[in-house]
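Database features, via TrEMBL:
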{"type": "TRANSMEM", "residues": "B:26-48", "note": "transmembrane segment"}
{"type": "TRANSMEM", "residues": "B:60-79", "note": "transmembrane segment"}
{"type": "TRANSMEM", "residues": "B:99-120", "note": "transmembrane segment"}
{"type": "TRANSMEM", "residues": "B:150-170", "note": "transmembrane segment"}
{"type": "TRANSMEM", "residues": "B:182-203", "note": "transmembrane segment"}
{"type": "TRANSMEM", "residues": "B:215-235", "note": "transmembrane segment"}
{"type": "TRANSMEM", "residues": "B:255-275", "note": "transmembrane segment"}
{"type": "TRANSMEM", "residues": "B:282-305", "note": "transmembrane segment"}
Amino acid sequence: MRYAMAVDTKKCVGCSDCVVACQTENNVPIGYCRDWIVEVTDGTYPQLELEHRSERCNHCENSPCVRCCPTGASHYSDGGTVMVTKNKCIGCGACIASCPYDARYTHPEGYVDKCTFCLHRVKKGQQPACVAVCPTKCMYFGDLDDPNSDVSRVIKKRKYKTLIPEAGTNPQLYFLI
Amino acid sequence: MREELIVSGRMNPHIDPQLQIWEWHIPAYLFLGGLAAGILFFASYFYIKGKSEEYPTAVKLAPIFTPLLIGLGLLFLLLDLKHKLYFWRLYTAFKIESPMSWGAWTLMAIMPLSAIWAAFNIKSLFPKWDWKFDIVKDAIKVLEEYKTPIAWAIMILSVILGIYTGILLSAFNARPLWNTSILGPLFLVSGMSTGAAAIIILSKSKVERHTFAKIDLLLIAIELFLIIHMFMGFRASSQVQIDASAMFLGGQFTAPFWVLVVGMGLVIPAALEILEMRHKKIPYMVAPVLVLFGGLLFRFIMAYAGQMSRWLY
């Protein structure tokens, strides 16, 4: 099993619904967020190109955060997701410094927190909160090992990119272009 | 023109607008760790070489301070943790790929050894020192029989400790300024140089000061070589490392780094040490104090600048 997510940059309008859905679903403390929207503007008026990306933890296959964690709090869980065990985390910040996507933060209670791909929902057969709430249905989530999953099918059909693959992290967040 | 913005207003504390997860604690701890490693290396090395009487400050006096230096460093490290009550989790796991993990274990091993070494030599600092309890005296007597193996263990562990302070940072691929394997040796040499400087400051013997000034001179030369090498490597590397080095080659860290760290912390002390060796009258304290100051500032600059360097996408 290999959970992954694909975000269609052609469909995303940057409404930030996914951000709010995540904050609500996961009780993210006020002033923090586990996902965010990046808007890229290319060129000069009137030759402009716009790209919207809903970004979050890439649940990398070769995660620097898991490698750098001195206690094993950051670890691989079901479907290759990268998770943090609260009561093993000492809050040293090594994983935060090691993440090229800056996807992690320190929870006000002291431990490190991040996107979980809403594994608690996925285990119940639901979609992650951000995917479920998206008004343009620009996000696809599923198991890459299953050729019939939403994410496998859309990745087969469309061109995509990942973010800084040259960092060697093998990210599992795909952006359809 | 290309502009990338986070439009959903992400402002995670210590992450945005730019990473600042480590403040003064970590560079201060890296400095103390490197300093202790340097002192302990010289203490154990010259003890093994049988030069205890020739270099009493290096072998006996200076290492008395190392348990305190390491202890203070560990205190800073603890203060830096955001989930402090779980710090013991460091010692329920050993992760070979995490420099922080084996650094924690190295500290765990070298701190008691440095305390034992200090106990052997405490009388050289306080001649009237009395352990009061016989059991302590007996324990020290037993341990003294193993002084040479303990010295070997300290020597090996001090090198690991010194190099770890650099590898801790160089393991972070996400921060291009740190992500160079030269950082380990560079921090090791810099730590040993500060150790030699501390010994010069504490020493009352001219012969000892002279020897350590020579050692320090060699270490400074290696450091300068490694620094130049590091920037050559950055300049010849990928765009992110070119950008990272630009902070030091024209960017905001240019003046503090080249004037204060390289100039005042390396070149001037080296020049003073050379003049002193040619029997010019120079207060011997100046060069080692500058070396210590340069070493401290070097770690602060590297820690701060490293967090500013990043991948762009």
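Glycine residues also receive a Cβ, built from the backbone N, Cα and C atoms like all the rest.
Note that TrEMBL annotation is computational and uncurated.
As the structure is a computational prediction, the values presented were derived from the model and not from experiment.
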Checklist entry - Which sequence positions outside the transmembrane segment (B:150-170), separated from its termini by at least 6 residues, show Cβ-Cβ distances below 8 Å to it? => result 30, 33-34, 36-38, 40-41, 43-45, 47-48, 99-100, 102-103, 106-107, 109-110, 113-114, 116-117, 143, 178-188, 191-192, 299, 302-303, 306
Checklist entry - Thinking of Cβ pairs under 8 Å, which stretch from B:26-48, B:60-79, B:99-120, B:182-203, B:215-235 has the most of them with the transmembrane segment (B:282-305)? => result B:182-203
Checklist outcome for this item: Relative to the transmembrane segment (B:182-203), the stretch among B:26-48, B:60-79, B:99-120 with the most Cβ pairs under 8 Å is B:26-48
Next on the checklist: Within the same chain, where does the transmembrane segment (B:99-120) have neighbours whose Cβ lies under 8 angstroms from its own Cβ atoms, ignoring anything closer than 6 residues to its ends? I mean 6 or more beyond.
Outcome noted: 33, 36, 40, 43-44, 60, 63-67, 70-71, 73-74, 90-91, 93, 136, 140, 143-144, 147, 150-151, 153-154, 157-158, 160-161, 164-165, 167-168, 171
